[in-house]
Amino acid sequence: MQVIITSSHRFFCHHLHQLKSPTSLSAQKAEFKKHGPRNWLFQTEGSLLYKPVRLNCATSDASYLGNVNEYLESDHSKNSEEKDIQVSRTIQMKGLTEEIKHMLNSMEDGRLNVLAYDTAWVSFIPNTTNNGNDQRPMFPSCLQWIIDNQLSDGSWGEEIVFCIYDRLLNTLVCVIALTLWNTCLHKRNKGVMFIKENLSKLETGEVENMTSGFELVFPTLLEKAQQLDIDIPYDAPVLKDIYARREVKLTRIPKDVIHTIPTTVLFSLEGLRDDLDWQRLLKLQMPDGSFLISPASTAFAFMETNDEKCLAYLQNVVEKSNGGARQYPFDLVTRLWAIDRLQRLGISYYFAEEFKELLNHVFRYWDEENGIFSGRNSNVSDVDDTCMAIRLLRLHGYDVSPDALNNFKDGDQFVCFRGEVDGSPTHMFNLYRCSQVLFPGEKILEEAKNFTYNFLQQCLANNRCLDKWVIAKDIPGEIWYALEFPWYASLPRVEARYYIEQYGGADDIWIGKTLYRMPDVNNNVYLQAAKLDYNRCQSQHRFEWLIMQEWFEKCNFQQFGISKKYLLVSYFLAAASIFEVEKSRERLAWAKSRIICKMITSYYNDEATTWTTRNSLLMEFKVSHDPTRKNGNETKEILVLKNLRQFLRQLSEETFEDLGKDIHHQLQNAWETWLVFLREEKNACQEETELLVRTINLSGGYMTHDEILFDADYENLSNLTNKVCGKLNELQNDKVTGGSKNTNIELDMQALVKLVFGNTSSNINQDIKQTFFAVVKTFYYSAHVSEEIMNFHISKVLFQQV
């Protein structure tokens, strides 16, 4: 099947309509199509994350967003069948993760498919060592690759996705190669026929999908073809526009700049005219002998100069490409994008060791001043690779500065390369994501966030999401999600659910001088593993939800005004953040702690509860034995103590059984400290956050001793977390929006990000820091989304398989 690129634009919210409900799918689409991208509570323009937004999309019909009421009842009917399926999933997942690990460990210089365009240019090089007049190509394997890889319609290029720029450029250069070496004329003639029949399609080709430098290199090849008397309609009207574009682009390229400063023009030297000063240009070679890792540009340079370094590079490329040619090396971009895809698909936790090696490689070639390019040791950098490196390195604990982004600031705008005219949605999307991993005082990231937010909003508003660097399944959907749920409010399992539907797998394709594929980044193995893992985790979550409901009934929490909906939300927030099957204990500890806290605060807030009553409960809690009934009745105080004690005892026993660590005393101290705050009517709501974190970390075995509580970094984390969550809780409960207080939350979040991800000499386990951040994100998320959207996410994350 061949995919034709057209101007039709997919509706960017299609991934929201998959929910099964009484509302028909078509009705759901019609409903969503009324509304553009929106934030439910806050607009994220600039540094003010909390500007109020007028909603134009409220709905009274919760069913199409996800009616969670149907999930509030227990259902054990499929437990046995689900267990067998779960075993099968685990076995399959093991095989897929091993396959992915092999891919990551064997990435080396980055895998790309062989490119007809570069292969043909390398095949142009004559073997000057031949005696006599019988000239032959220096790289006969490249010529043979061209002969062996013509498509059935007579063209060369990407087979599945039909892009007219790609097909015409590849076909023309291969026709020239066959003509130059006077071989396989029937294939050449078939290629010429394809060009004649399809040249007019340039009139309707999407400019956004024009291959890089097409307006430079295509006219050059036409001139070369004309010199070889290849029968092509050189006076076709559509070619006049291409030549005009070439002249415009050449006027924007100062010749002196080309010869003195490394620029992206080095990538397309074969498209320039003959008045080049090679003595000066050779000084701009990369250490590997290439001109910006382009075999075509380097082949052209070699034919003009006979430079030995150019030849060495080309020989290496052909050897690495099994007789053809491709851009080489591509080691940095493949590593970064593979990590990014696996993270967003929600399966990165399987590959922690592999990620460490991949990022060590990237960091080895990180240039603090200039940033990086697709391949190592480049003398040119771009914003896309640079911002992706900053974000991923920073999130994994590497000490990197964002100052290199100043190279891509042009006035009040940001560009991918110096001198770029038109911005790209995907590059600004990646820069926007990078800008949110912001430390206090980093002005360049603040400016990048402001610019990219507005840029991406305009892309969606004007249906201008076609990208000049990649053809992907759902770029509008990716942008919509990033704007709708900024990083602070994006829960891992929610993001994974969306991205599994947005990721095109092996169907996604990249745009350079021609179309190309990066199997290390885009493949169906990643997608298959992500879907399998998602359903595997979800099955565990549904089982735990049954446990939560039974526990809820047994403990009689409804006496304290706690609803099953609150129970479901509590479990969802935990499961959407700590989702791994193996982390059931931490997940349940999180969810149950919220319910226990709610029970105690509800009891304390009762008008009949006095300071004396609070103190009595605290004193009873300090006693090791269970409370006794008074006059044979189980009072509320007794029920509170019983539920609390049983929860802590069970958690302690499970942790000891699984990890061999006795956390009972530490748990007792943590909850006792919180009860003291509650007794004194202090702001225990803030302290509740730190209690959640301590309980989760203790259950995970991350806190081995109490001394860490007095560590300065831990105290800073704890205080800042309590402060931020207190403000977010106030926003959620009191519907406070706007004002300086809200700006301060943004500043506090930046400080928290630095404490969690900054490369400090802290004694605190990174898992402990990550728990702080995960809990804070759930508070941010809860303040950020509407009840309808949360219902929808609950349905998608916990109950609907992918």
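Backbone N, Cα and C atoms are what each Cβ position is placed from, and that goes for glycine too.
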Matching range for Swiss-Prot feature annotation, motif 'DXDD motif', among 382-385, 502-505, 558-561, 730-733: 382-385
Residue with minimal Cβ packing [other Cβ atoms within 10 Å] among the binding-site residues Asp382, Asp384: Asp382
Rounded Cα-Cα span from Lys468 (substrate binding site) to Asp382 (Mg(2+) binding site), Å: 14
Structural state census, the motif 'DXDD motif' (382-385) (DSSP three-state): 3 helix, 0 strand, 1 coil
Per-residue Cβ crowding (10 Å cut-off), top of binding-site residues Lys249, Lys468: Lys468
Asp384 (Mg(2+) binding site) to Lys249 (substrate binding site) - Cα separation in whole Å: 22
